[in-house]
Amino acid sequence: MPPIEPAERPKLTLKNVIGDLVALIQNVLFNPDFSVFVAPLLWLADSIVIKVIIGTVSYTDIDFSSYMQQIFKIRQGELDYSNIFGDTGPLVYPAGHVHAYSVLSWYSDGGEDVSFVQQAFGWLYLGCLLLSISSYFFSGLGKIPPVYFVLLVASKRLHSIFVLRLFNDCLTTFLMLATIIILQQASYWRKDGTTIPFILSLIAADTYSLAISVKMNALLYLPAFLLLIYLICDENLIKALAPVLVLILVQVGVGYSFILPLHYDDQANEIRSAYFRQAFDFSRQFLYKWTVNWRFLSQETFNNVHFHQLLFALHIITLVLFILKFLSPKNIGKPLGRFVLDIFKFWKPTLSPTNIINDPERSPDFVYTVMATTNLIGVLFARSLHYQFLSWYAFSLPYLLYKARLNFIASIIVYAAHEYCWLVFPATEQSSALLVSILLLILILIFTNEQLFPSQSVPAEKKNT
């Protein structure tokens, strides 16, 4: 047998070097096998970016000082929400917001040490990023290309919302991301029985309730949360009521000082009434000058109650359509009619063995997509979006672009156009119309995706062609 001659090494030429660099860049951006290396490096790089922003960009006080003024009144003993004001208006957030900013007030000398608060929000941002990266990996099981992780850290506006504005939306976002990953874990561990998933569903109800207690926008997730809890609890309605009870009890516990459940005198009734009236005011009016999404409409239309009713109707209709898609027979393992009838067998589990929630490979993806899509529907039909509201869905946007089956280049273009909409200040007719169009496009592409929850054996490049 003749000896095997070693292959000739490629020559060190400029052309070969450039070719190697191009191949490396392509792998770093588009090869899913590189995501496990790229994502941690992005997190570390973004932690440096956060420090640079805090150290070089001036903090802008929009609501934070008003939050501190409101907290000061509460610390003086005022519990009646109708008497708690700051420079920008009355206190309109639930008790979780009060507790969170009370802690910040305590450690920042009443808000005077803004640098400390910025650092706290910097860590909060990095926590959100870490949870998002973990959820992405868990959902895609290593199949998501690195470019979508790059998009996770690419929003200038999102960085500003966290460390230069200090809005309470940031804490709600963190708690919702925590809730999602706990639900993902609950679905995954069904492969080993039902006890661990049930315990995790109770923990998820806890974090979800805490998110609601900070800001009401977390309620946009409620339909998805209830659906997933029902599935994780074996389609046993009695069992699923336990997480719902936890959710309610946490609300009572967090808001105890204002709800005063054991007191029924006139003063307690007034404090309780003011709390629910202001902290959970669904009829709150928004200012036209701050709207990011409906600027292409006239101010008269924006303030018209019939327009608000239309948005609510479209929200419900779209939500129902997506729920029907999520509950397709191939996902739940039985006809939809049987699923509905089984709800009335509330005393026993009726979950099909072939339900997607029982598939540890696909259920984390199902959980994330159902939660993120339901939230995005609420965002699309919101009566108004202010600049800080970007944080409501920014961390899920790259994943939703991935689920929309856009190719890499299209995803980058859509993301850049979306970021442009949030950077324009004040919003214009063009930027707001573009924003609504982008959100609508993403939802349409997800809805028309016939392979929304493919087997993980399907190569990633097949999903995005």
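A Cβ is built for glycine as well, from the same backbone N, Cα and C atoms used for every other residue.
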Using the annotation in Swiss-Prot, determine whether D61 and L397 are placed on a common side of the membrane.
-> no
When counting C-beta pairs under 8 angstroms to the transmembrane segment (240-260), the leading stretch of 34-54, 84-104, 161-181, 366-385 is 84-104
By a Cβ-Cβ criterion of under 8 Å, what residues six or more beyond either terminus of the transmembrane segment (433-453) are in contact with it?
-> 292-294, 296, 318, 321-322, 325, 331, 356, 362, 365-366, 369, 373, 376-377, 379-380, 385, 400-401, 403-406, 414, 417-418, 420-422, 463
Among 121-141, 161-181, 307-327, 366-385, the most Cβ pairs under 8 Å with the transmembrane segment (212-232) come from 366-385
Range from 84-104, 307-327, 366-385 with most C-beta pairs under 8 A to the transmembrane segment (121-141) | 366-385
Please work out whether the transmembrane segment (34-54) lies in contact with the transmembrane segment (366-385), by counting C-beta pairs under 8 angstroms that are 6 or more apart in sequence and asking whether there are at least 3.
-> no
